[in-house]
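Features reported for this protein in Swiss-Prot:
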BINDING   Cys229, Cys232, Cys240, Cys243  [4Fe-4S] cluster binding site
REGION    1-164  region 'N-terminal SAM-like domain'
REGION    165-185  region 'Linker'
REGION    229-243  region 'Fe-S binding site B'
MOTIF     229-232  motif 'Cx2C motif 1'
MOTIF     240-243  motif 'Cx2C motif 2'
Amino acid sequence: MIINFVGNTLIIFNEDIPCDLLRKKYKELFVPTISVLDFKKKRLYRKYNNIFLYTYKNYSFLWELENNILHKVQKCLNKNGILKLIIYLNKNDVITPDKHENKNNNDIKVNIDQKDYCENYINDIFKNIKKECLYNGFINIVNETSVAENGIILNITAENPDFLSNEDNDVSSDDEDLYNNEDDKKKVVNRVCDNCTCGKKEKLLNSENKVLINEKDGEYITENVVSSCGNCYLGDAFRCASCPYKGLPAFQPGENVKLNLNNESN
């Protein structure tokens, strides 16, 4: 059974004779094909909108844990891409018990409704495959069963989801601009206690572009000092209680200001 397909499609065939015949027909139509074995071994460098997987009788490889083919198919599909599983079940392989012995003996044979049994058998197969598809990230998994000349065909369709909404996709570099905000770039200066004993005050005073010390005059001459609150230059009304500039008039940002150590107690 050859399926009408759209562009950007890959056909995967299991290693069996009926699938080999289909492979030749698809090659005549210039449709890319690959065997299940090669698909699992080779590395593909492109993604497809549609992947069809044909298998005849044998479908147990669909739930092999190691190198799971459904997982690789999902990785090779574009978002919202479609996986189509075409599984042919031979009529003789669908085990259909048609006899049960009556417990009352007398060798009475009871016919079992073969149609109902086949439906249950097919439903069990579909449930197992659906579970494997869900485990590997597929959604919207449906099955359409059709009757062939000597068997039954399961046409299982699954979709590779695109969980990113339009709003999520609209996330742009604007978020990075938030981190480039000038307010975030303000240099943070840790304040030092007046009676510092840990040595932090000494390190701060000796670091370059911080404070110049004039021990003879008992004065601090500030140079390029960055205020921790940013309000020191505005005047006492805007200064905190422990501000070293307390009592000094307002000054221009970046202006050198002398602090008299002798008046520190005042």
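The backbone N, Cα and C atoms fix where each Cβ goes, and this holds for glycine too.
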Binding-site residues listed as Cys240, Cys243, least Cβ neighbours within 10 Å: Cys240
Tertiary contacts of the motif 'Cx2C motif 1' (229-232) (same chain, 6+ residues out, Cβ under 8 Å): 186, 238-240, 243, 245
DSSP-derived class (H/G/I helix, E/B strand, else coil) of Cys240 ([4Fe-4S] cluster binding site): coil
Per-residue pLDDT averaged over the motif 'Cx2C motif 2' (240-243), given as an integer: 78
Counts of helix, strand and coil residues, the motif 'Cx2C motif 1' (229-232), according to DSSP: 1 helix, 0 strand, 3 coil
